[in-house]
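Noted in TrEMBL for the protein shown:
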COMPBIAS  23-35  compositional bias 'Basic and acidic residues'
REGION    23-51  region 'Disordered'
COMPBIAS  37-46  compositional bias 'Polar residues'
DOMAIN    93-166  domain 'Cation-transporting P-type ATPase N-terminal'
TRANSMEM  142-165  transmembrane segment
TRANSMEM  177-196  transmembrane segment
TRANSMEM  336-362  transmembrane segment
TRANSMEM  847-867  transmembrane segment
TRANSMEM  873-896  transmembrane segment
TRANSMEM  917-945  transmembrane segment
TRANSMEM  980-997  transmembrane segment
TRANSMEM  1018-1037  transmembrane segment
TRANSMEM  1049-1067  transmembrane segment
Amino acid sequence: MGFYKEQSVGFEDPVLIRYADEEHVEDSQRGKRPDNVYSNGGPSRRSSIDPAAALPVTYRTMSMEIDETYDRKTNQDLKMAGAKAAQDLAELDWHIVSRSELFTRLSTSPVDGLTTAKVKCRLAELGKNAPSRPPSHFVRDWLSYFFGGFGFTLLVSSILVLVSWKPLGQPPDVANLALALVLFGVFVIQGGFNAWQDFSSSRVMASITGMLPDECQLLREGNRITTAATEIVPGDILLFHAGSKLPADIRFIEISSDTKFDRSILTGESIPLPATVDSTNDNYLETSCIGLQGTFCLSGTGVGVVLATGDRTVFGKIAKLASQPTTGMTTLQKEVYLFCIVIGTVMAIMIAVVLIVWGAWLQRDHPGWITVPTLIVSCVSVAVSFIPEGLPIAVTASLTITANLMRRNKILCKSLKAVETLGSVSVICTDKTGTLTMNNMWVVECATGDLRMPRQLAIDRSFTENDKRLSNTALSQLGSVASLCNAGEFDITTCGLPLANRKIIGDATDQAVLRFAETLGSVAEVRAMWNKRFELPFNSKNKFMISVFSIAKDIGRDVALSAAESEEFTEDELLLTIKGAPDIIIARCNRYIDRHGVSCPLDSNTRDVIENIKDKWSREGKRVILLARKTLPWTTAEASSKDFGKEVLEHARSGLTLVGMVGIMDPPREEIPRVISSLRRAGIRIFMVTGDFALTAEAIARECRIISNTPDRIHDVSSLQHYDTAADLCSDRISSIVISGSELTTLSDTQWTKLCQYDEIVFARTTPEQKLRIVKEFQSRDEIVGMTGDGVNDAPSLKAADIGIALGSGSDIAIEASDMVLLDKFDAIVEAVEYGRVVFDNLKKTIAYLLPAGCFAEFWPIITYIVLGLPQILSSFLMIIISCFTDCVAATMLAFEKPESDVLLRPPRRTKEDHLVSWRLILQAYFFVGTLQTICSFAMSYWYLQRKGIPFSTLWLGFGAIPEGISFDYYTQKLNEASSIYFVNLVVMQWFNLMAVRTRRQSIFQMPPAFNKKTQNLYLFPAILFSLLMVFFWLYIPTFQSALGTTTVPAIHFFLPMCFGFCILLLEEGRKYIVRKHPEGLLAKCAW
């Protein structure tokens, strides 16, 4: 078993993907591919390493070094790690050995796969197919924890104040020492909180990615099984299809002719690489017969044998060479930090003003008023008063808390950016199948020729009284094509169960058709009668699937063909079967099987009947699948060759015999109408984007309430030509339109503008490129677009959208491309949008709470001290306590606020207009609440001094002069008491401000903070209690009183600020009432 260690090459999950829907057999490239998309996550679907920049370069470097190694024909030691990895890969010969030698080396079988005993043995020796932990950057991380944000400012401030204590202090002021220690303590606490927050966020994101499914299909002991990707070992036979991500390095042993892979995660190149069975290059990294871990199958199907797992894959080796990049800030964090930079700039200007005033005036005219140590403390006080120290902490905490809440609701955000983007989504484009519908399809009707019949009648007519299958009948031929032209497989472990309960491996459409075929006769028996020579899987461009067979048992002719055709069919002929969209295939048919099982010419009358059946089923919301066949001459070309595929496609263009049609019902999810209504009330427009026929799409859209108008009021593409948008679309009526993908290609920019103004849109028969175009067109018109989907063809638009939303049951590539995954039900999207808006609301509330006391009311005591010669009525030490203790905890608790009841009744936020910190919020925080708090605090402090014999008139422009008849000690003691009163006044009034900012529009009675589980935030009360404890801790302990100049406060000065705070709460209640009653009034326009 040591052989695998030497020959195998790691497993690390990629996070960068590029997509091209190149699913034709032809090699021509059609259209451009979308931009790269980066994403985060865990080891199954997402990786913690973003190799976007490093991997393509490293991959190409290694590739060239492999070629150089071949040229040198030596095994010299290479100095660089990348070159060493390249040499290891150069020694591999998996791609050039014969298939028989390949299976011998790996001790496996292409027919049976590995045995359970071998799997256990290899797992024990090689370990699970999982990545190694990425390297940690302990020192760098901890430096960022402590010195990021405002940490550096706090540390510098602490050092400056310490210097003002000693050696500059003459004599040293113990209060300055205490201030320096507190600033340093805040510096340490903030760094520790950042570290804890990072750890908590990592844990949340790890738990999110751990919930994502990650399975693959293997062949073991002759049975096709589904297992976790971590359980794969070298020698396993892996089955893959379009949309699959390879979980390990493999050698292709069987592929369809259209199989192509996206290697852009490794190469950085956008062109998909065709897969081959035989080697095309001596370079292991460049050959087309090797599938590398982490790459995506864009089209086709195939089988491969696993060569390497874990850290022995190519990706694993390269990932070790790539260091983890720095994670960038989200848009919201950037906006917050921009605000902090503005505040910091104003702070620097004010400090400069203080220094200029001191140097140009105070030092000359009042030399004893402000000494150098006092000046340093004053500058630090300005910095502390301006900087909202709790804001960066509150931002990160809010996003993480919200992501955690969404996780509990089975809404998985892969990045914190996804949380905030949801709040501003204005358009959601959603796929139909599997997203709006249950993806639980059943054939409910079928048609042979001009005869329609329900499912049960078809079953009854397929067998004799002795339950023997009838031959040469229309239904036997329909069942045979449905069995043969089908990528679905019954899971062998459930074969003993009733048909309805059997598990089928395959997509929903194939499952429905295969179950129906089984009711018409044994699928296994039919498949045993024919040998498959070629298969072209269904894809979103061709909209059909082709399978080609040669006869294995003579009885197969009687089951699959009409009596006349059965007699003429020879062993030298092939049977082409095709299944797909009626509008694509029916034009290629020139014959059909009538109700009696006879092949007849397809005349115009019969064609019209068939078209009418198709349209009727479509209007009823059924998916219509047409099945046809054709007899082909024998060919000597290899079935896996491109020539054979091209020849088959050419034959499939004409001369087909229409065998029948099936009508498949895929009912909408129960919750969809309710979800659509909720999102509409939130001002979000919901559009259906599907590849289905227009009539089917319209019927399902009406069931889902995406379309609410009657058929006569639904517009089509002609409506975009002749009416005035302003006159029609801007009316009170809801406007609806159904438009197909082919019609989209003909639209001008003006027509796109008209189209984008509709309230209800169904985009039918769209290709992946057209879905991408739809997203881009809405984005170009300043819409924030969300895209939901679960299939391979949804991946480009999921990546291009502002936020891509996939379902947990979706394909690998769809989940990889998305920013958010809904694990349970589609109605979780309403909660996701709600939480996205709540994040923005709660951060606004946090800022509105922090600014009045922690910034505005702290700043004015310093200005009046320096400019007006008044005593500093709030000490610098107590400023620090407010900014970093009493306010910070309460601000963070606002992140737990529940959504206001009108959060989903407002229009989406316009990101270019409605910023986190707007002039309205500044008006509220500074000039309303902040001004009231400042005036009340000044009034209480100076009123107290007035009553103690120190009138305000004696302090105005006093510049330190002590009033006559008052001793210095008495004067100092009363100033300390006034400072403590100012502090208590701010702390208590902030309790009421906390209750006021909980809601932006609603009354506190509509959203009480307690006794109502839907609205309560019980974390606020411990935060209030904590601020009260801080008051008693710093003001009532004798040791602190003597060292810091704090004092006890008369009881009346606890109750008076309660009255002031209650007045602020009442004024806020009145303002909110007027805003609710007059949403277009002046107050509403000024409301934050």
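Any Cβ shown, glycine's included, is placed from N, Cα and C.
What TrEMBL says about a protein is an automatic prediction, not a curated fact.
Keep in mind that this is a model prediction, so the values were computed, not measured.
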Which residues, given as numbers and ranges, are at least 6 beyond the ends of the transmembrane segment (142-165) yet have a Cβ under 8 Å from it?
-> 172-174, 176-177, 179-181, 183-184, 186-188, 190-192, 194-195, 198, 340, 344, 372-374, 376-377, 379-380, 383-384, 387, 389, 392-393
Of 177-196, 873-896, 917-945, 980-997, 1018-1037, whichever stretch has the most CB pairs under 8 A to the transmembrane segment (847-867) = 917-945
For the transmembrane segment (177-196), the candidate among 336-362, 873-896, 917-945, 1018-1037, 1049-1067 having the most Cβ pairs under 8 Å is 873-896
Best-packed against the transmembrane segment (873-896), counting Cβ pairs under 8 Å over 336-362, 917-945, 1018-1037, 1049-1067, is stretch 1018-1037
For the transmembrane segment (1049-1067), what are the same-chain contacts with Cβ under 8 Å, counting residues 6+ beyond its ends?
-> 929, 932-933, 936, 940, 944, 977, 980-981, 984-986, 988-993, 995-996, 1004, 1035
So what's near the transmembrane segment (1018-1037) in sequence-distant terms, Cβ-Cβ under 8 Å and 6+ beyond its ends?
-> 878, 881, 885-887, 889-890, 892-894, 896, 980, 983-984, 987, 990-991, 994-995, 998, 1009-1010, 1044, 1046-1049
Per-residue pLDDT averaged over the domain 'Cation-transporting P-type ATPase N-terminal' (93-166), given as an integer | 84
What parts of the chain pack near the transmembrane segment (980-997), using Cβ distances under 8 Å and only residues at least 6 beyond its ends?
-> 845, 848-849, 852-853, 857, 861, 873-875, 878, 881-882, 886-887, 890, 894, 929, 933, 936-938, 940-941, 944, 1004, 1009, 1020, 1023-1024, 1027-1028, 1030-1031, 1035, 1046-1050, 1053-1054, 1056-1058, 1060-1062, 1064-1065, 1068-1069
The correct DSSP tally for the domain 'Cation-transporting P-type ATPase N-terminal' (93-166) reads 44 helix, 2 strand, 28 coil
